[in-house]
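Just below is one structure, and these are the notes that go with it.
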Amino acid sequence: MDDPLMLARLQFALTAGSHFLFVALTLGLATLVAWTQTRATLSGSAVHARMTRFWGQLYVINYAVGIVTGLVMEFQFGMNWGGMSSLVGQVFGAPLAMETVVAFFVESTFLGLWIFGWGRLNRWLHLALIWVVTLTAYMSAFFILVANGWMQRPVGYEMRDGVAHLTDLGALLTNPTAVLAFFHVGFGGLLTAGLFMAGVSAYHLFRRTAEVDFFRRSMRVGLVTMAAAVFPVVVFGGMQFAYVQPTKQAGTAEAVAAEAGFAARFGPGDYQAPGLAAAGEAVMTLVWSLLFLLAVAALVKVPFGRWLVRGRIFHVVVMAAVPLPYVAMLSGWVFREVGRQPWVVYGVLTTDEALSDVRPGLIAGSFVVFTGLFAVLIVVNGWLLARYARRGPDGARLGAAPPSDGAVPAALTPTF
Amino acid sequence: MEVLAVVMLAVFTVGYLVLAGADIGVGMLLPVLGRDQAERRVVLAAIGPFFLGNEVWLVAAAGVTAGAFPGLEHHLLEGLFPLFAVLLPAWVVRDMGLWLRGRVDAAVWRGGCDAAIVAGSWALALAWGALLGSMLVGGGEAGLNAGSVLGLPLALLFAVHGAGFARLRSAGAVLERARRFPARYGVSAVALVGVALAAGSRLPWSQVVSSGTGLAATAVMTAVLLPLLLAAQALVWWTFRGRVDSPSYL
């Protein structure tokens, strides 16, 4: 634990890993909330309006924790990985800039408007807001995966005086390790959110809720989303194997050749990916198989609404399966990122060289602070999600009329 | 291209300090502006619709820094590591206090969230004061220096700015209390802009700038999109232009 490189890596892994947990649900749930609000706005049906508020409430709780972990991550690049910004920052920084300016700025601004503008804005404008939020959330994911895809498979750059310069923006943006990963993660998010929605609905149906119509509809949306996403996830995941780094799978002829090549160029060292990467791959594949079986069972049941309401064993299975996409996501991510070691940018910059020239005590101190903080955030987020999920539709505060004490609200007085 | 990128970074940084400076200031003055938990919720309703849209200015500034001035990211974040190690947890604690306060209906929970908001806002303002002070004194040499301490009074500028904002947005008893501060939003905003530009002018821009495609892509894209981003923000300002006297979602 006194190795600053290991601490810095672990800190980034914990930050990115916890951020990723929230993002997966946020991406998928935003889509499902936008879809539900569209149905509510088009048909004017009360049940869809209530569904929008209930699932929107869970989405907003989750988003708030996702955003703060993301903020910390953006700054950690510069704090702990100073070598990265000086050597490859001219390439790596471009997609990060695009993410904030093209996507995140509008996403967050409009999300605030969506939350606080409930009941104040024209309903079509309000609907447009959630779609813009959803679209920009996906754009955000795309640009981040462009940055990450470049770390896996650097393209469109040249080295001049030991510093990487961007030469081909198009190659950077169409890098297969970015584009395929985007669809893989996007469908993974839908799978996560679909199963989350189905699991929460199953809980209420299992408890013989009075809100049968509400949760039967929600369960159907969740299961159909999950079943529709499960196959694209594996297709876009599998396509990425064509671009997987040779050293990720130890012992193959390509791996041995690549390790010898690195040793010749960068000096002797251990260029083999840690065994943890292969473990991540195995867990991801296993969990996906379970999800596939569940998707088949769901497809059989979905056409029969009464079966969804009554199948108590199925309710338990669906509830138990809610964590599975998270396990698959995290282990797939371990496979991708740990399998890149010892490189930050594959074949260009090692993690050791990228580490900031900061006193080890500072890195250790910030590790303790941020790890403690994130542990609290994850627990609070999980607890609040469970609490609001359990309360059901009437507990949603999002979009609720403000609690009035009988006082008539004052007329709007423009101030700026 | 370098000039365009510097202007874009200045726009986002100044935008953050002026807009978010106000909601940080309101957080600092929360116990003064609102005497009990119900009043404090109304105080928070004044910044509610804005704080999310305010902090994105800093995220965008960090993004433009990463894209156009990768050397600066290295220079500032590594050189002033201890200040950022205060700034970031303070930001997280404050934001969580804001987001979560209204989610559990219990006096202890609200009290804890209020404490998180106040402590987080003060720590955030002090970290910004020390950061700006260090840049003003140190210039090209990023690191803790005399300015890190001299900058601390700048935190009070955030508080005054927050009071100025509360005078524009609040009503009733909260407004009366905000009026006791000799604060004008416009005046403190100009002061914040001045400090930010003075600190920025001391940085060694030509040493930290990116080059070629990476720089051009970042600078041009940001400049092209800026009107759209401003329009999105203007929609928020217009929608929530009135005074508040009742709680909101927070």
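Don't overthink the numbers, they just go from 1 along the chain as shown.
Each residue, glycine too, has its Cβ placed from N, Cα and C.
Per TrEMBL, the feature transmembrane segment maps to B:6-30 (among others).
Remote same-chain partners of the transmembrane segment (B:42-69), defined as residues 6 or more beyond its termini with a Cβ less than 8 Å from a stretch Cβ, comprise 5, 8-9, 12-13, 15-16, 19-20, 22-23, 26-27, 30, 33-34, 91, 95, 98, 101, 117, 165-166, 169-170, 174, 205, 208-210, 214-215, 217-219, 222, 229, 233, 236, 239-240, 244-250. Positions annotated as transmembrane segment by TrEMBL: B:42-69 (among others).
According to TrEMBL, the feature transmembrane segment maps to B:75-94 (among others).
The annotation transmembrane segment is assigned in TrEMBL to B:115-137 (among others).
The transmembrane segment annotation in TrEMBL covers B:143-164 (among others).
Feature annotation from TrEMBL assigns transmembrane segment to B:185-203 (among others).
Beyond its flanks by at least six residues, the transmembrane segment (B:215-240) meets 1-2, 4-5, 8, 11, 49-50, 53, 60, 64, 67-68, 209 of its own chain at Cβ-Cβ distances under 8 Å. The transmembrane segment feature in TrEMBL is assigned to B:215-240 (among others).
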Residues from the same chain, set at least six apart from the ends of the transmembrane segment (B:6-30), whose C-beta lies under 8 A from its own: 40, 43-44, 46-47, 50-51, 53-55, 57-58, 60-61, 64-65, 68-69, 94, 98, 114, 117-118, 120-122, 124-125, 128, 155, 157-166, 181, 185, 188-189, 192-193, 195-197, 200, 205, 219, 222-223, 226
